[in-house]
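Features of the protein shown, as given by Swiss-Prot:
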| type | residues | note |
| --- | --- | --- |
| ACT_SITE | 140 | active site, proton donor/acceptor |
| ACT_SITE | 169 | active site, schiff-base intermediate with substrate |
| BINDING | 45, 210 | pyruvate binding site |
| SITE | 44 | site 'Part of a proton relay during catalysis' |
| SITE | 114 | site 'Part of a proton relay during catalysis' |
């Protein structure tokens, strides 16, 4: 996986709640021009749980088409880490095959949610999906949403026994897990899935981030990651601290509710629309977001 900084893309909707494909393409191009290495369509932040199978595939397709047709400032191509997660192994497998077929660079697969599989079930789930494709696979551990964690021994076993399982997105909130994973397998790539811990994870064995805040501030997230990769601890910490208030504001309600409203307030999307059961943020949250965006000089 030849990338380090990436954003977990929002999925913009029109007023009728259909996917706004033109806005989606524009958001991806902004990521490209502001220095991100990769984009991550249809993950948690992309509201994948309320997209149809057809919409899910179309979002991956748009991301790949846009990245292939738009050069980065360094004349390279931004990578696509396609979200293929589902609580049904068969559906994830179908999405994984589709993503590979149309040119995804790698796939991100969240643990099955709601059904709460055992560790053996998680192992078989990921093994089955990974063996159906040849491109790299990134595990995604976010127990606060899935109800079950990929325990460290299970993650290590998957890395050791399934050749194309190369990385894990860590959104468990546990630095102990990160240090343990890195201690036992230095080549197992760890990506931060917690914006508030980006700096800490990068300096505890992490090699990159998948950021929600990056939707709004891709340039600063990219700069922080690049500083960390060069072991410029203080410079990376300064950027992390600079982003602290924004990280806090963007998670005051369930993600992606605040980030979509923030993107709207910043003039980056026309409609801050959500599909039920997600709803618009409270008036208090909107005021907080406005104040925070003013603090960062995003809005006047």
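Every residue gets a Cβ built from N, Cα and C, even glycine.
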Handout entry: residue 210 (pyruvate binding site) and residue 44 (site 'Part of a proton relay during catalysis'), Cα-Cα, nearest whole angstrom
Key = 11
Problem - Pairwise CA distance, the residue listed as 'active site, proton donor/acceptor' versus residue 45 (pyruvate binding site), rounded so that it is a whole Å - result: 13
Handout entry: Residue pair the residue listed as 'active site, schiff-base intermediate with substrate', residue 114 (site 'Part of a proton relay during catalysis') - Cα distance, angstrom, rounded
Key = 19
Fill in the blank from the handout: Quick note, residue 210 (pyruvate binding site) and residue 114 (site 'Part of a proton relay during catalysis'): C-alpha atoms separated, nearest Å, by 23
Completion exercise
Counting Cβ atoms within 10 Å of each Cβ, the densest environment among the recorded positions 114, 140 belongs to 140
Exercise for the section: Tell me the Cβ contacts of residue 45 (pyruvate binding site) under 8 Å, same chain only and six or more apart in sequence, or just say none. Expected result: 8, 9, 10, 212, 215, 255, 256, 259
Practice task
State the count of C-beta atoms found within 10 angstroms of the C-beta of the residue listed as 'active site, schiff-base intermediate with substrate', not counting that atom itself.
Solution key: 28
Completion exercise
Simplified to three states, DSSP reports residue 210 (pyruvate binding site) as strand
Completion exercise
Most isolated by CB count within 10 A, of the recorded positions 44, 210, is 44
